[in-house]
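K.L.:
When I checked TrEMBL for this same protein, it listed these features:
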type	residues	note
DOMAIN	88-302	domain 'TLC'
TRANSMEM	45-64	transmembrane segment
TRANSMEM	97-119	transmembrane segment
TRANSMEM	139-156	transmembrane segment
TRANSMEM	168-186	transmembrane segment
TRANSMEM	229-249	transmembrane segment
TRANSMEM	269-297	transmembrane segment
């Protein structure tokens, strides 16, 4: 039985990851469309019934969100007497907080309360990999929830969510995430998929919880300091966890396993470049949104921003107008809805 491998550093990741990618590219005599078509036909295992079930669940998420917003979230916002702009955005955050809390909690259970060793030993995601291997029921349930939710999220971002200046990037993120989830299931890379989802969902839980406290700090015509303090703390913990989970653990656990360890366990692993390209795109988007956080903090330190509820919705000039009207309640607020 193999023991867990120590987690590498960034230098080792770059050397081994680049070396593996370069060697795989040199050794690929036919990396064109014909090879991809044959590889898909030989290795993909995705039944139409599974696709239909996922589509129905995505539709179900959309219907459930509309019903929850109409019957629960909006009436609750009216009862709390939120400001109109906050009342309009609160149902979106409440819905996402509910889903991501459930999904992350389930991922936490799979990684820490079962026999799966993926978090402590990421290379184990490819141990004993076989073409067409069965997907354990508990992991299949997680995949159904996530795949259908991201299918719903593509529609929701375009037609239901508040449109923001990085919503195009958000749409791209959802398409990449949905493609990774669906194809990793089809090619039986579900083990690494669970690890990817776990490392991303925690930030969404923190994000939406913090946003709700931002919305609830002004309600009933009264300023609530407790919600302000919680949102300030949430902003800081969100920023730290974003770096820790997405820019530290994600590359060193996931990218190292997919770029390097995968070839050690399965020398001719199918669609090696395809999946790693999508994961690298995901990494670049994580860096893109982290720059939002850094830029926001820099503006706060330089005094350009005193209180901004959502850096995706306000330009610098707009934020100056807002802060001029609210000097008495200055505080550090979350750069809202920065995503996975």
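The backbone N, Cα and C atoms fix where each Cβ goes, glycine too.
Please situate the listed features within the shown structure.
P.N.:
Long-range neighbours of the transmembrane segment (45-64) within the same chain, counting only residues 6 or more positions beyond its ends whose Cβ lies under 8 Å from a Cβ of the stretch, are 99, 132, 144-145, 147-149, 151-152, 155-156, 160, 182, 185-188.
Same-chain residues lying 6+ beyond the ends of the transmembrane segment (97-119) with a Cβ under 8 Å from its Cβ atoms: 4, 61, 68, 125, 138-139, 141-142, 145-146, 149, 191-192, 194-195, 197-198, 201-202, 204-205, 208-209, 212, 253.
Same-chain residues lying 6+ beyond the ends of the transmembrane segment (139-156) with a Cβ under 8 Å from its Cβ atoms: 53-62, 65, 99, 102-103, 106-107, 110, 171, 174-175, 177-178, 181-182, 185, 190-191, 193-194, 197.
Here the transmembrane segment (168-186) has Cβ contacts under 8 Å with residues 44-46, 54, 135, 140, 143, 146-147, 150-151, 153-154, 157-158, 192-193, 196-197, 271, 274-275, 278-279, 281-282, 285, 288-289, 339-340 of the same chain, all six or more residues outside its ends.
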